[in-house]
Amino acid sequence: MSAHNIRLAGIAVSRGIVIGRALALARAPLQVEHHIIPGAQVPAELERLQRGFDLAIGELRRVQQGLADEAAYADLHTLLDAHAMLLEDEALQQGAAHYVRERHYNAEWALMEQLAELSRDFDAMDDSYLRERKADLEQLVARVLQCMRLAPGVAPPPMTVLPSGADASLDVTSLPPRPRDALPQIVVAHDLAPADMLHFRRGMFAGFVTDAGSKASHTAIVARSLDIPAVVGMKDASARIAHNDLLIVHADAGLVILNPDEATLQTYRGLQAQMLQARQRQQRLRYTPAITRDGCQIELLANVELPADCEAAVAAGAVGVGLFRSEFLFLGRHDSLPGEEEQYRAYRAAIQAMQGLPVTIRTIDIGADKLLEVCGHALPSQEQSALGLRAIRWSLANPELFRTQLRALLRAAVHGPLNILFPMLSQMGEVRQTLELLEQAREELRARNVEFGPVRLGAMVEVPAAALMLRQFLPHFDFISIGSNDLAQYTLAVDRAQASVAHLFDATHPAVLHLIANVIAQCKAEGKSVCLCGEIAGDPHITHLLLGLGLQSFSMNPAQLLAVKERILQADTGVLAPWAQQVLELEDTQAALEPSG
Ligand code: PEP
Ligand code: MG
């Protein structure tokens, strides 16, 4: 009997809970035969190669033209177009033909050789978006290989790796039959093509789980825009999950529970029903201003990791971005770090996506659990500590790279309201050095005659030292942002990434709350704006406590925004303020998170 409640973690790319049966898709590696063909066969082989391309491109264009003219299909339309263009590329077609003509490789081998060559070019690209297109190209080449093997005159099967009834391109008859429990199907695969999302649109599958993928992968982008529960980047999930296994996909948490027992199923069914109801209720609040019952206006901002996330921020009704974690542009890079131009384009994209709403971009917060992989920038393992060379410390130790980021930010500020936020400051010396480097970055742009815009400057309070010496920090900054995740980690001496002490991590610990309360009060007294951007800002159970402590600006994952807004609309700060003061005096605040009145 298999174990129950196996928890598999991945990357959350969308929201919702789905309980269903795994539809496990076998991984289809690109394996081809290699042989040298006789010279006389070259023209026929070239023809076969070309037919493969023509059929694959024709199919893509047909699917694209057949898409309904709906806003929900807009992303997919663009993707299909980009894919057709990848296949139409001369470098791919001519390169493969060259191997057939000159070296007499069979068409499949020739195509794979050219793919390997282009893959190397993709790997060397500076732009992470373009580098990710390598996976798309591999999927497209697999499609050309499939089409190439068809006899002349035979139409290709529908363009998908997913089974769709009679059109199945995957032989589902070889899979064990589905249990008769009518549960929805959850696709489990190594990776999925964006075109497969069409099946989700038609409601054939209720969610998906993939080994590969990232927040920026096309499949994730489409999953978000179609609002499908999905978890990607699960590494070996497709090897661990068998066809027909019972699964719970909790997309918001990036969590999959394999073989849940009855009690867990009940819990998640309850959660699912609550989520559905809450979502329907909350959707109506999108355009409602976040004002408490006693008339206090609250600012709800979004946390984003990539410019593409801004779309979700706007859709949720955020009035700006409160935290853009810029290090995500640097993570997962193997060859080189993004330069000034690439960063400038990413920051500009975020600013433009927010359509005039303010965007707060935090300078790189690298170190601890977020490590660079580029040669020459990787930290030795003994240095990979939350107490080590992290965030602003890393930036100040790498002034060239820091100034590059600052120049990119200053240039992006031409395109809309931009705030620059500095992470993990703990000493006045760091504040002074940071401001000096910012001034140098401006000088460098002036010397190059490059236009730059005005910026507001913010300090993150995420180390107790910063909270305790805020008075000295404040004159140098326009605003403060409380990073409650790290403030809890450093106040409680609990490594937030370590499972063994996870039970001790509590951002509502009385000591942390005291620091938060003092920071809010001091900022108010000095007339500086203060936001909280740690995870508790997006937890609706904590909204009233934070309001009671005087917080008026929250920054969170866009998926949480309407749930928090709902709590704000129910609140009366006149009642919450004295209650929050009482909570501060408790030994255990967890038990008292909801006010009685
Ligand atoms: C925090 O520490 O609360 C924060 C928002 O920053 P991060 O989670 O990126 O460390
Ligand atoms: Mg932090």
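Yeah, the Cβs are placed from backbone N, Cα and C, and that goes for glycine too.
TrEMBL annotations:
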type     : residues                               : note
ACT_SITE : HIS218                                 : active site, tele-phosphohistidine intermediate
ACT_SITE : CYS533                                 : active site, proton donor
BINDING  : ARG325, ARG362, ASN485, ASP486, ARG496 : phosphoenolpyruvate binding site
BINDING  : GLU462, ASP486                         : Mg(2+) binding site
DOMAIN   : 10-133                                 : domain 'Phosphotransferase system enzyme I N-terminal'
DOMAIN   : 185-254                                : domain 'PEP-utilising enzyme mobile'
DOMAIN   : 280-572                                : domain 'PEP-utilising enzyme C-terminal'
Rounded inter-Cα distance in Å - ARG325 (phosphoenolpyruvate binding site), GLU462 (Mg(2+) binding site): 15
C-beta crowding around ASN485 (phosphoenolpyruvate binding site), within 10 angstroms: 16
GLU462 (Mg(2+) binding site), number of other Cβ atoms within 10 Å: 26
ARG362, ASN485, ASP486, ARG496 filtered to the binding-site residues whose C-alpha is within 10 Å of GLU462 (Mg(2+) binding site): ASN485, ASP486
Binding-site residues close to ligand 2 - of ARG362, GLU462, ARG496, only those whose C-beta is under 6 Å away: GLU462
Which same-chain residues, if any, lie at least 6 apart from ARG496 (phosphoenolpyruvate binding site) yet have Cβ under 8 Å of it: ALA386, ASN485, ASP486, ALA488, GLN489, PHE505
Proximal but sequence-remote residues of the same chain as ARG362 (phosphoenolpyruvate binding site) (Cβ under 8 Å, at least 6 apart): LEU323, PHE324, ARG325, SER326, ILE420, LEU421, PHE422, PRO423, MET460
Neighbourhood of CYS533 (active site, proton donor), C-beta criterion under 8 angstroms, separation at least six: LEU301, ASN303, GLY322, LEU323, MET460, SER481, ILE482, GLY483, SER484, PHE554, SER555, MET556
Site diameter for phosphoenolpyruvate, Å, by largest Cα distance between ARG325, ARG362, ASN485, ASP486, ARG496: 20
Candidates ARG325, ASP486: member of the binding-site residues with the richest Cβ shell (10 Å): ASP486
Taken over the domain 'PEP-utilising enzyme C-terminal' (280-572), the model's mean pLDDT: 93
